[in-house]
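Taken from Swiss-Prot as is:
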{"type": "BINDING", "residues": "ALA301, GLU302, THR303, GLY304, SER305, GLY306, LYS307, THR308", "note": "ATP binding site"}
{"type": "COMPBIAS", "residues": "50-73", "note": "compositional bias 'Basic and acidic residues'"}
{"type": "COMPBIAS", "residues": "85-98", "note": "compositional bias 'Polar residues'"}
{"type": "COMPBIAS", "residues": "825-845", "note": "compositional bias 'Basic and acidic residues'"}
{"type": "DOMAIN", "residues": "288-484", "note": "domain 'Helicase ATP-binding'"}
{"type": "DOMAIN", "residues": "512-719", "note": "domain 'Helicase C-terminal'"}
{"type": "REGION", "residues": "34-101", "note": "region 'Disordered'"}
{"type": "REGION", "residues": "814-845", "note": "region 'Disordered'"}
{"type": "MOTIF", "residues": "255-284", "note": "motif 'Q motif'"}
{"type": "MOTIF", "residues": "417-420", "note": "motif 'DEAD box'"}
Amino acid sequence: MADDGMLMNFEIGDVPIVAKQAFKGGRWKDRLAAKKTAQHRVTKSTNKPSAREIFSEPQHDTSAEEYIGREASSRAPKRQRVDDNYNSYGGRNENTAAYASGKLPSGSINVGGGRKTTFQEEPRTAFVAGKLPPGSINIGGKKATQIEDEGRAAYASGKLPPGSINSGAKKAISFQDETRPAYVSGKLPHGSIDGMRNREMAAVHREIAEGGRKPGQVVSSLFTFNPTSKKTFDEPEEQAEPAKPSNAPLTEEMATFTNLGLSRRLAAHLSTKLDMKAPTAIQKASVQQLVSDDSDAFIQAETGSGKTLAYLLPIVERILALSENGVQIHRDSGLFAIILSPTRELCKQIAAVLEKVLRCAPWIVGTTVNGGESKQSEKARLRKGVNILVATPGRLADHLDNTEVLNVATVRWLVLDEGDRLMELGFEEEIKGIVEKIGRRSVAKANSDMGSLPKRRVTILCSATMKMNVQRLGEISLKDAVHIQADPSEQEKQDKENGVEAQDKAFSAPTQLKQSYAIVPAKLRLVTLTALLKRAFARKGSVMKAIVFISCADSVDFHFSLFSRTPEASAEVVDEEKVDLPALPKSELVKETIAHGTTISNNSNPVILHKLHGSLAQNIRTATLKAFSESADPCVMICTDVASRGLDLPNVDFVIEYDPPFSAEDHLHRVGRTARAGREGRALIFLMPGVEEEYVSILASGYREGKKALTRHTAEDLIQKGFGGIGREWEERATNFQLEVERWSLDSPKYLEMARRGYQSHIRAYATHVANERHIFNMQELHLGHLAKAFALRDKPGSIKVPGLRPAKMTKADRSVAARKAKRGEKAEDKAPEGERVRKQKKMELDLPTVDGNEAAARMKRKMKEHMAAASEFNIG
């Protein structure tokens with residue numbers, strides 16, 4: 001009720017009633033501008049603090065640390081707006097200093113020497129000239145910046161996003177989502193930074209303060225804001241007894257080479273010279289079939305089970321039987337067998353095994369023809385005569401078309417080794433042509449003096465997997481083939497008797513192989529691989545040889561240079577005075593592919609590094625493989641999938657798949673480099689958190705126990721074991737290693753370009769997984785910024801550009817200058833090796849004929865004259 005007694009349904013407060021100003025007349029734009037000006041004037045006058053507002057400011061009680069101001073709520077107090085001409089605060093306790101000339105209270109920042117800004121946080125000690133309290137950063141040597149307790153960087157000038165610091169340059173240093181404070185110099189006091197990453201963050205920010213960052217670069221933390229695993233897996237149960245090897249030789253009671261139908265001469269040679277007492281299961285099944293029957297065969301067996309001898313022994317045995325029947329066999333008696341392999345390395349290895357077997361019969365001659373070798377030398381060997389030929393499809397097709405001395409009329413065996421790989425590499429058309437040409441030129445009649453040889457040409461197809469392309473290859477080459485595989489295990493026999501059907505598997509790994517996987521975020525990939533290798537070679541004899549599989553050649557070059565570099569003096573390095581480093585091969589061929597692994601070595605166990613990829617010259621690849629196989633010292637080979645197929649590398653204990661394979665079959669062949677012939681072996685694959693964890697199900701499909709046969713690791717566990725230390729000291733060591741590697745790459749244009757090439761090639765290779773696995777290895781899920789850190793890069797992904805992907809061709813003058821510098825002994829310019837794409841382009845150019853432009857023009861004129869009539873020549877008519 002109002003004062004005059006009138007009854008109202010609303011209440012009028014004490015606020016004075018102000019008439020609402022109306023704007024009329026003129027254009028609507030002018031009215032709108034006048035309205036905004038009036039509103040701004042009213043807002044400015046109402047925001048001016050009064051004495052009542054100042055003294056009613058929320059207060060903090062230092063004794064109880066409880067909010068006692070007006071209208072207490074759970075929200076944090078907001079920042080108080082202060083005018084430019086206002087320099088004192090009221091209502092604060094004794095620990096809050098008032099603004100005075102040149103003195104700032106705790107939690108305040110002097111920005112530009114004029115405006116004062118406070119964050120109204122817990123009382124802190126005021127800045128003293130020349131001394132900074134914990135959590136402070138002196139920027140530019142003049143301005144002092146106080147960091148909030150929440151860990152946000154102060155706004156020194158302009159507008160900086162949270163987690164950024166302006167170091168006096170034009171650009172801000174971003175910590176990639178890091179919001180914790182840093183200590184620029186000195187040591188961190190205990191408990192000065194929230195969380196458990198104080199040591200690691202200190203190392204990052206010391207790197208910035210010491211000038212290790214250039215404008216536009218990003219120095220990020222390793223152990224923060226990494227994606228976590230989204231799936232939980234049961235720990236594998238401990239096996240009561242170790243698994244029985246599935247590819248081991250049989251016991252002498254079960255089978256001997258003599259019982260398989262081999263002659264005493266060959267069986268004695270295998271047992272005495274080659275130290276082979278008994279065959280494997282697949283050798284037992286194959287030799288018995290191929291010695292006594294002339295039908296085609298498909299040999300399927302897991303990797304490392306001895307498929308090479310499974311088809312070589314029957315061929316050699318039947319040729320030996322021919323010579324024992326009174327027929328004189330020599331090198332010009334004819335070509336009896338052709339063996340096709342997909343790669344040059346496998347071709348060389350088959351030839352090496354054949355050479356060992358033929359030592360018992362030196363009159364039988366075998367040789368090889370493959371790409372990368374001199375055609376003239378191969379023609380000379382073929383002209384002398386050969387009985388068994390090991391070849392790659394492309395080079396054999398070339399010789400069949402252009403080499404007249406290659407007579408395939410007497411060929412009785414055609415072996416297609418690694419049939420799935422032959423089809424994947426695109427040799428289908430070459431194999432079709434080879435089969436047709438051999439069929440047309442072969443002798444149909446059976447000679448009486450060759451009774452022990454097959455009456456018809458026998459085709460043998462070998463593969464560890466049964467895929468659609470292998471079946472298509474079988475349709476091309478096989479006729480009424482016999483499927484040969486090892487005898488089933490006792491467990492499989494029992495399941496079959498009980499009516500349990502065998503599970504369809506994408507691949508079958510040896511049972512004695514210990515398979516594990518590691519969930520590693522992209523940022524931690526490099527330090528995790530380093531820690532894993534350090535741990536593997538920590539003690540002498542723990543691991544003899546290891547293979548690291550990487551997806552592309554440029555990445556192989558980068559990691560080889562990284563692990564073989566000379567570390568900084570502050571790092572843990574091998575003391576050459578305390579330990580004798582193993583001698584490296586003196587051959588000029590391998591000086592760029594073999595080096596000391598200083599990063600992963602220690603004083604008690606030095607390691608030798610090897611690298612191998614398809615862009616290397618053939619003679620270099622052969623020499624590197626030979627050095628790795630024959631080395632008696634601990635060694636690591638960093639390679640692409642060129643070393644994953646068929647190569648029998650002795651004493652390989654550990655296989656690391658740093659980059660996931662492009663298909664499940666590639667994984668089978670990779671891990672098949674270890675756990676061979678019944679020996680134990682370990683394999684570990686790197687997977688990133690998220691969708692890549694679905695690949696664990698594919699890994700488990702290769703084992704009878706499924707996921708129980710797999711062991712799970714985390715990046716933190718592997719890094720802690722590799723770098724060691726007390727407590728969480730391993731984090732600081734890993735961070736120091738990462739920063740050191742980044743400095744190493746930034747200090748040299750050569751290594752920086754190698755890192756960028758490796759990064760870009762890795763991304764291109766990541767997009768080439770098979771279609772049915774592309775949802776697991778999805779490019780959209782890849783964090784390019786975190787992945788760049790794994791290549792020691794500080795650039796943003798969008799600014800990583802590789803100069804010289806297609807460099808200009810070297811002129812004659814440039815070559816002359818380089819030759820003169822080399823003659824004077826001057827050091828050549830430090831450049832990165834050519835990228836993988838450039839090397840492939842040069843290989844294509846090598847196959848093109850070199851044609852002079854003037855000569856081509858002259859030929860064209862002569863050709864035109866031949867087709868011109870006399871009338872047209874003299875412009876008649």
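Backbone N, Cα and C define each Cβ position, glycine as well.
The average pLDDT for the motif 'DEAD box' (417-420) in the predicted structure is 89. Each of the binding-site residues GLY304, GLY306 was scored by other CB atoms within 10 A of its CB, and the lowest score goes to GLY306. In the three-state DSSP assignment, the secondary structure recorded for THR308 (ATP binding site) is helix. THR308 (ATP binding site): 23 other CB atoms within 10 A of its CB, across all protein chains. Sequence-distant neighbours of LYS307 (ATP binding site) (same chain, six or more apart, CB under 8 Å from its CB) are ILE282, SER286, ILE299, ALA301, ASP417, CYS462, ALA464, listed in sequence order. When DSSP labels each residue, the motif 'Q motif' (255-284) comes out as 13 helix, 0 strand, 17 coil, counted as helix, strand and coil in that order. Broken down with DSSP, the motif 'DEAD box' (417-420) shows 2 helix, 0 strand, 2 coil.
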